[in-house]
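Colleague: Below is a structure I'd like to ask you about.
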Amino acid sequence: MKVFTVARLKPGETKITIDKNQLRILDKSYEFDVILDEQTKQDDLYVGLNISQLLEQFKNGISQVIFCYGQTGSGKTYTVNQLIPMILPQILESKFEISFSVLQIYNEKILDMLYKQQLKLRYKNNEFVPENLTKLICHSQEELVKLYNKANKNRIINSHSLNDFSSRSHCIYTFHGQTTDLQCEFNIVDLAGSERLNQTKVQQIHESVEINKSLFYLRQVIQNLADKVQQIPYRQSKLTSILKKSLNGKSNIVMVICLNPSDENLQQCQQSAQYGVKARQIILQPEQQQDDQQRQIKELKQQIINLEQQLKIAQNTIKSLKQNQQNQLVQQQQNNIQMEQINQINNLLGQNKKLRDQLQHINDQNFVLSQLNHQMQNENQDLRDKINIFEEIISEDLKKNKDPFKKDWIELFQGEGSNYLEIIINKLQYYKQLQCKQNNERILMNPIHQTVKNSRNQRSFSIGKREFKF
């Protein structure tokens, strides 16, 4: 949905041509949703602006805004004075409690038109609000008409060469609708006309400068909204600050471009028509507007729901963390048990290795002892063999009565000897001496035996100095 644009021509001779929904001014064409020519009557204005549809949406809680824009003396205030009497009866028929307020912006000052007082602009809930603006509840059309007339008497007007009753301020008429859960507004904005000093020849030049400057800032806002710029310069003037709520895209907007089609104003008509064409590109998404308190309650309820969800998520997270922590503790305990078992196994393996080493050492000792035993058995066997030999020799000596230890042997063999080892040692020494003696005798006798052997082959032999012959 876009801004609904209407072009309204002031009666008079003109070179502007109309072709259905297009205006041709000089060499350019401008398209509008509706074009109202100089023959338009009040009923045609009601139909052309879709007033019935706007009021129906207002009754459903959707805010409405009607802008009247154009150069000075183009019929803006005249159009507003035709509109308000038409909408008063039907506004009161809505389900809302209706209150009425009027303010004007003059030289960047905000003035309450019901009670002549200057207001301060306060920023609240992402919008600019005139502080202490008078809002009077109305129950009848007569009350609204009286307030409307009272406000118009307080409007600042002046005369110049183009208009004897020129509005010198921007004026905003607002019907406030309020229920227990909804609030909406029906705004009619009568903008002061753009001026050229060489045409108007006004004495209060500062007024014209402030009017043109605020309109310039409004055109910038419209341009940025149409181009979908993120940062909109609402704060540049009091007018754009107050209109932020109406231009935020949540309200229906009708832009009435008022044109004074005389030859000397054609260039300004082009500028106004271009302004309307640009406004026609703004995208709107009208919606019901809840009461501030109800909206806050709803927001708080939503915050509670969000916090409950976050709390639930946090609880689940904590539960999950606790479960993970318990699992980690169990896993840690299992790991500790496994480590203890591994350490025990390693200790057992170490002890087993030590036992294997000890067993190997014992086996080695057994092997050594076995070898020693075998060696001792061999030595014992040798000794037995020698003893057997000695026993045989001794037996022979005993038979021959040659043994000086005969008595000892007899006692030994008869079991009466007490020093077996000593007897054997002595016996061995004796036989050793005897063997040495026999060897010596053998050495001495060897030459004799040799001589005797040799003599067997000779006829004579000699012993010393004596010689023997055969």
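For all residues, glycine too, the Cβ spot is worked out from N, Cα and C.
These came from TrEMBL, pasted as-is:
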BINDING   Gly70, Gln71, Thr72, Gly73, Ser74, Gly75, Lys76, Thr77  ATP binding site
COILED    290-393  coiled coil
DOMAIN    2-282  domain 'Kinesin motor'
Colleague: State the mean pLDDT for the coiled coil (290-393).
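Modeller: Mean per-residue confidence for the coiled coil (290-393): 84 out of 100.
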Colleague: With every protein chain in view, how many other Cβ atoms are within 10 Å of the Cβ of Ser74 (ATP binding site)?
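Modeller: A count of 27.
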Colleague: Give me the long-range Cβ neighbours of Lys76 (ATP binding site): same chain, 6+ apart, Cβ under 8 Å, in sequence order.
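Modeller: Lys76 (ATP binding site) has long-range Cβ partners Cys68, Tyr69, Gly70, Ser167, Asp190, Leu191, Gly193, Val256, Cys258.
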Colleague: Under a criterion of Cβ-Cβ distance under 8 Å and sequence separation of at least 6, what residues of the same chain contact Gln71 (ATP binding site)?
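Modeller: Long-range Cβ contacts: Gly193, Ser194, Glu195, Cys258, Asn260, Asn265, Gln268, Cys269, Ser272.
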Colleague: Can you tell me how many other Cβ atoms are located within 10 Å of the Cβ belonging to Gly75 (ATP binding site)?
Modeller: 22
Colleague: Taking the Cβ of Gly73 (ATP binding site) as the centre, how many other Cβ atoms fall within a 10 Å radius?
Modeller: 24
Colleague: What is the Cβ neighbour count of Gly70 (ATP binding site) at a 10 Å cut-off, with all protein chains included?
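Modeller: A 10 Å sphere around the Cβ of Gly70 (ATP binding site) contains 28 other Cβ atoms.
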Colleague: Sequence gap of 6 or more, C-beta under 8 Å: which same-chain residues meet both conditions with respect to Thr77 (ATP binding site)?
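Modeller: Same-chain residues close to Thr77 (ATP binding site) (Cβ under 8 Å, separated by 6 or more) are Cys68, Phe165, Ser167, Asp190.
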